[in-house]
Amino acid sequence: MLSPILRASITTSAMSNTTRTQVNLAAANRLSAVQRHLSTSAPARRAQVEKLTVFGAGLMGAGIAQVGAQSGLKVVLSDVTDKALENGLNIITKSLSRVAKKKSPDDIEGFTSNILKNIEITTDAAKAVHDSDLVIEAIIESIKVKRDLFGFLDEKAKAECIFATNTSSLSVKEIAESCSTERQARFAGLHFFNPVPAMKLVEIIKTPQTSPETFEALREVTLKMGKAPVSCNDTPGFIVNRLLVPYLLEAIRMVERGDATPEDIDTAMELGAGYPMGPFKLLDFVGLDTTSYIAQGWREKAQSGEISKELVEPIGLLDKLVKEGKLGRKSGQGFYEYETKK
């Protein structure tokens, strides 16, 4: 027969064991709950961009496709006609030949051929994006056309695919609004500069909806392409054009007022400011119609106070030249005259 003291000791020990078991069970349950929370709330793994689709086979689109293919990405180049795609491939082939003369002078054809193997072409927009990790649009600078394209692609591309516009002057947010809320988190501006294979800079434009994962994925892929990415919010002109366009417009105003000639202004900025190209040589290179179009779009932004009205006031001389078809190098005449290819 157990003594009262021994019975009390056994009872206390049993209760102690039971209590410890309950505490351990409760702790295990809490740990399990924390682990479940972490597994569901942790940010998704950043997407690796391996397959790139580029819309628009002009100079910009072809250039983007080329640097993507050179960096090892599998690229699909898409446009609305076979002729446009053929022209795009010709642009890429000629550019690669120039690169090959420096990098592989003994096997120019082989170097070019190996890069071109990474590029497919198609006029089927849905097919172009069905397995893409990143879509870059480099088509006409029209917000309606861009919105129509992205609105269509939003239903065709996989959910995790990132969308990017190469616009130089339009609102990235307004373009992105053609897509679903989920896609808007995977939408940004990716502004390359012409000529793309030679120009190192890329502006990554974030909207209020652009996720950190999207930004990082774009930064990584541009670094992989050998570019130098910079970040900017979705503001008119981003960084470069916000500073450059008002400078170009003021140069035109100086000529219009009779303050100086285009030649003297170019010489002054090249020799005095160290610019590689004066404003009028640059205007002719970019295209006077392009500069005029950007200024017109910015005047709309000026009405809402997003940019100073004085910076983008209409310039009679610019409007006159554009109306006369004197657009710069591409038309044979702008502020300077150029020999046209026959």
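Cβ coordinates come from backbone N, Cα and C, glycine included.
Positions annotated as domain '3-hydroxyacyl-CoA dehydrogenase NAD binding' by TrEMBL: 51-235.
The 10 Å shell around the Cβ of D79 (NAD(+) binding site) contains 25 further Cβ atoms across the protein chains shown. The NAD(+) binding site feature in TrEMBL is assigned to G56, A57, G58, L59, M60, G61, D79, E141, K146, S168, N194, K330.
Around S168 (CoA binding site), the same-chain residues six or more apart in sequence whose CB sits under 8 Å from its CB are E141, H191, G237, F238, N241, I294, listed in sequence order. The annotation CoA binding site is assigned in TrEMBL to S95, K102, S168.
The site 'Important for catalytic activity' annotation in TrEMBL covers H191.
The domain '3-hydroxyacyl-CoA dehydrogenase C-terminal' annotation in TrEMBL covers 237-338. DSSP assignment over the domain '3-hydroxyacyl-CoA dehydrogenase C-terminal' (237-338) gives 68 helix, 3 strand, 31 coil.
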